[in-house]
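S.K.: Dumping what Swiss-Prot says about this protein:
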BINDING   G394, R395, S396, G397, S398, G399, K400, S401  ATP binding site
DOMAIN    28-328  domain 'ABC transmembrane type-1'
DOMAIN    360-597  domain 'ABC transporter'
TRANSMEM  32-52  transmembrane segment
TRANSMEM  81-101  transmembrane segment
TRANSMEM  160-180  transmembrane segment
TRANSMEM  183-203  transmembrane segment
TRANSMEM  267-287  transmembrane segment
TRANSMEM  296-316  transmembrane segment
Amino acid sequence: MTASPKDEMWTVFKRLLGYLKPMKGMFLLSVCGLIVYGLVDAAFISFIGPFIDKGFSSSTPAISNGIALPTSQGFHADNQVLLMAPIVVILMFSLRGFANFVSTYGISYMSARLIMDMRQQVFEHYLSLPVSYMDKENTGNLISKVTFDTEQIARASGSALISIVRDGVTVIGMLGLMFYNSWKLSLCILVIGPIMGLVITIVSRRFRKVSKQIQTAMGDVSAATEQMIKGHKNVLAFGGQETETARFAKINDRNRHQNMKLAVAQAVSQPLIMVIGSFALAFVLYAASLDSMKADLTAGTFATILGAMMAMLQPIKNLTRVNAEFQRGIAACTTVFELLDTLPESDTGTYTVKRAKGNLRFDNVSFSYEGQERRALDKIDFEVTQGQTLALVGRSGSGKSTIASLVTRFYTGLESGDIKLDDVSIYDYSLKSLRSQVALVSQQVTLFNDTIANNIAYAYPGEATREQIIQAATLAHAMEFIEQLPEGLDTQVGENGVLLSGGQRQRIAIARAMLRDAPVLILDEATSALDTESEKAIQQGLDNLRQNRTSVVIAHRLSTIESADQILVVDQGRIVERGTHKSLLELGGMYAKLYQMQFGS
């Protein structure tokens, strides 16, 4: 049985309030400021009646022989009341201004803190999610949750607090004032209350639905923009400007269309509420003209009731306006909380080791990616011991990189078999301990927008010495180009190393793996971006790195794995051949054909 939209909204709202607990002092201060602000408005209207009735009174007619004669002396004013009025007004509005400052500052502080806390939580949660989740999610939507959705939540929270407390107190104060002065005239408000409530309920559902659609549309905008920026060179090279422009225009127009839906709902709801309110005001004016009412009304009383009704219109309008903002925030909360409720990467293992020997074994491993029927790996079985090099070769999509990904538990859920490191299942290791035993250099190098030195020492921030960094860079043959840079190791590489060539980025990644000094080394096309000369230069460094380490090398260039202790030929998830370079050539099978394609006879 699913929860009703009302129950779901209340659940989300209660969860959101949990973020305000650490700021309860500031929250209470802001609420007090808002209450004072609303009460001052109500108090100001309450002074209208006494000010008119006592400050001014009708001119007293002259009496001659029992006949009242009109005079031209105007009103008889109570000077004491008139003298006090300016002082009261100044004091009240000074108090109102101070209350406004306190509440505005407090709400701004809480909104900024809420954005910071939620963004931090979402960012940290991304780091705990499995690779399989990140693979299937739209990057633009993930970024939008950190940037756009958290802003929506904070804005909605601030607007809702201001309107619900300040405008709510104002409306309640005005209603109390009206009933105190004339409960008969004030009863008409109770008639329109349910009608207003019905309109707000209907519009709220529309707001929430459209707001979710807006968040999806914003994610699409972010994704399309990111895709164009990342592929900017390819777009220009292949003349894809018109295609990308048309694609973005379509997505952009969809986003505009969703925003217009929300604008229409807002534009209809606010005037509708005001029209309903005008009927109440018109009824009060009509009722005041009835003889039965005149006996109970003074000029001051009527002015107070009329002023209170007029003063209520703007707060009521604000409450209907904030409803749209609030529903937008609730929709954003729902998407963010759904993300935060996504289960993090499974880490049930408890086994830890400072440094493993590096004996790696696959025991009859079968594996399928989520949502795919065909097995990515089918009964993979091999063993590689400390100091040995295992090479994986085969066509693209044959399953080589999947084997490497399973070693680091980027993907879990084996259909059969087990993977063991030093005769202990990798699923018994804690994730931190397991991954500290592995150094990975993948085909697609990731560098961070930082210095070369910090990228090399990424696994040991603040711990690796300058000498260790230089040594790793030297072994990777990276110092050759680093020394030619104006700032050397302190050179900023730009976003994802954009200021460096592909080969330079690859060498920095290799230096990073060297500094890691892990017992298991995975090289997934580690030299793919290097030219022949650079590849030869770095090969000696890789040979040095492999000593006393278990190395798993994935390569298309067969020249880089000729010295491997064992070569596995993988095709459609199965091991079809295994042996040394020499024995596989003599076998004359798939490996020999691949070798012949690259080097001829």
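Quick reminder: no glycine exception, Cβ is built from N, Cα and C everywhere.
Looking at the shown structure, can you explain where the listed features end up?
M.R.: Around the Cβ of G397 (ATP binding site), 12 further Cβ atoms fall within 10 Å across all displayed protein chains.
Sequence-distant contacts of the transmembrane segment (32-52), counting only residues of its own chain at least 6 positions beyond either end whose CB sits under 8 Å from a CB of the stretch, comprise 81, 85, 88-89, 92-93, 95-96, 99-104, 106, 161-162, 165-170, 172-174, 176-177, 181, 298-301, 303-304, 307-308, 311.
Beyond the ends of the transmembrane segment (81-101), by six or more residues, the same chain brings 32-34, 36-37, 40-41, 43-44, 47, 50-51, 54-55 to within a C-beta distance below 8 angstroms of the stretch.
When Cβ-Cβ distances below 8 Å are used as the criterion, the transmembrane segment (296-316) is approached by residues 41-42, 45-46, 48-54, 163, 166-168, 170-171, 174-175, 177-178, 181-182, 184-186, 189, 196, 273-274, 277, 280-281, 284-285, 288 of the same chain, each at least six residues removed from its ends.
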S.K.: Which are the residues of the chain, G394, R395, S396, G397, S398, G399, K400, S401 excluded, whose CB is within 8 A of where the CB atoms of the ATP site average out, their centroid?
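M.R.: Checked against the 8 Å cutoff, the neighbours are V570, D571.
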S.K.: Just to be sure I understand the packing, how many Cβ atoms besides its own are within 10 Å of the Cβ of S398 (ATP binding site)?
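M.R.: Summing over all protein chains shown, S398 (ATP binding site) has 20 other Cβ atoms within 10 Å.
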S.K.: Using DSSP with the three-state reduction, classify S401 (ATP binding site) as helix, strand or coil.
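M.R.: Helix, per DSSP.
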S.K.: Using a Cβ-Cβ cut-off under 8 angstroms and a sequence gap of six or more, which residues of the chain neighbour G399 (ATP binding site)?
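M.R.: Spatial neighbours, sequence-distant, of G399 (ATP binding site): A376, L377, I380, V570, Q572, G573, R574.
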S.K.: Would you mind listing, in sequence order, the residues at least six apart from G394 (ATP binding site) in the same chain with a Cβ closer than 8 Å to its Cβ?
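M.R.: Result: K400, V569, V570, D571, M590.
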S.K.: Pick the one among the binding-site residues R395, K400 whose Cβ has the fewest other Cβ atoms within 10 Å in this structure.
M.R.: R395
